[in-house]
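Data first, discussion second: the structure below is written as structure tokens.
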């Protein structure tokens, strides 16, 4: 297959709508976005990563205390040794000041990051600077080395723990909380600008559409349509899962400037990654296709069960249930990857299909269904929020941009680097087969 012509490459830039704003992406109410990312006053008082940091600070104090007690527990007795180290304190021989230093770190860090919930590094900078300076001076001027192993152990452990706390806060706590806050603000901006769903129906003569799909009136919302049919509790849960997956996909699209480039190929396909709060590393395939968006919508989104005819990365695809016009449950079996090292996996997903002014969207997430319980034949994988997006070109209806967002847990004991390599390779292979399918359909036409 030849590379993309230069003029088609230029069309790529025009075909991708501006996704820097979620205003044209989110199609959900403020209540849904708030459910995904609640406002600060309704979120947990302390994030998981901050709570882990506070536990580590507590461990610092307890560990230093334990080592000090062990040092005090000699033949002369703990009480006599305490009097000698505290009441008859001597800077050169006492370990009491190292315990006080650990308590200083404990009280200062918990006050700043647990009680006051500060989001700045200045508190830990002070505690680490004081700890480091004090320990260096004490090692130089004291006679602790004459006490044997503990003369080495306590200062070294105290120094290492202080710097581990600094690393944990600066590289884990603050960046992750800032990322979650940025996602929340992006969702709030999107909700404020309002949804832009395309409610007009496409004619059946253009391409196949599922029975009663998008058949509601122009002004009907999902809730109004759902109200006309009584859903079971499980069906309502499927609908909710589909909407939540769509909201996360919309937020990922809105963060395109934060996508991290991973690799590309000779056809112009590019794979990016992004860290999504609560879901982890997500892979994104972006490729230009020289065909109308409706054709890709037909082949990839509306008829997933026929994808096995041309997509070699999938060996089986079955629709287990159509919950309502926009929501369905699918069962997929992926082909092996990485030369057979990654064995085939099966997935059960809930999918939500939406048609908008500038794009077609199929988003999904892992779920369970009684028709396909886990079996010994395949390892049951779990997909996080992801899906297919077909972006229309504003200037040329004969071209489009295809985006595949993939967040998956393949389960099994596989090295992380191998999983990442196999996912990127699978995405490139999918794009290759999709391009071949488009060429075949074009030749038939």
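Cβ atoms are placed via backbone N, Cα and C, with glycine included.
Note that the coordinates shown come from a computational prediction; the quantities given were computed from them, not determined experimentally.
Feature annotation from Swiss-Prot assigns domain 'MENTAL' to 46-217; the stated evidence is sequence analysis.
The domain 'START' annotation in Swiss-Prot covers 230-443. Model confidence over the domain 'START' (230-443) stands at 89, taken as the mean pLDDT rounded to a whole number.
Swiss-Prot lists 209 with the feature phosphoserine.
Residues or ranges marked as motif 'FFAT' by Swiss-Prot on the basis of experimental evidence: 206-212.
The transmembrane segment annotation in Swiss-Prot covers 52-72 (among others). Long-range contacts of the transmembrane segment (52-72) within the same chain, counting only residues at least 6 positions beyond its ends with a Cβ under 8 Å from a Cβ of the stretch, are 46, 78, 81-82, 85, 95-96, 98-99, 102-103, 105-106, 109-110, 113-114, 147, 150, 153-154, 157-158, 161-162, 164-165, 168-169, 172-173.
For 95-115 (among others), the entry in Swiss-Prot reads transmembrane segment, with the evidence type sequence analysis.
Sequence annotations record features per position, and here Swiss-Prot assigns transmembrane segment to 121-141 (among others) based on sequence analysis. Sequence-distant contacts of the transmembrane segment (121-141) (same chain, at least 6 residues past either end, Cβ-Cβ under 8 Å): 91-92, 97-98, 101, 104-105, 108-109, 111-113, 155, 158-159, 162-163, 165-166, 169-170, 174.
Residues or ranges marked as transmembrane segment in Swiss-Prot (evidence: sequence analysis): 149-169 (among others).
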* Asked: Excluding the flanking five residues on each side, which residues at least 6 beyond the ends of the transmembrane segment (149-169) place their CB within less than 8 Å of a CB in that stretch?
  -> 52-53, 56-57, 60, 63-64, 67-68, 70-71, 95, 98, 101-102, 105, 109, 113, 121, 124-125, 127-128, 131-132, 135, 138-139
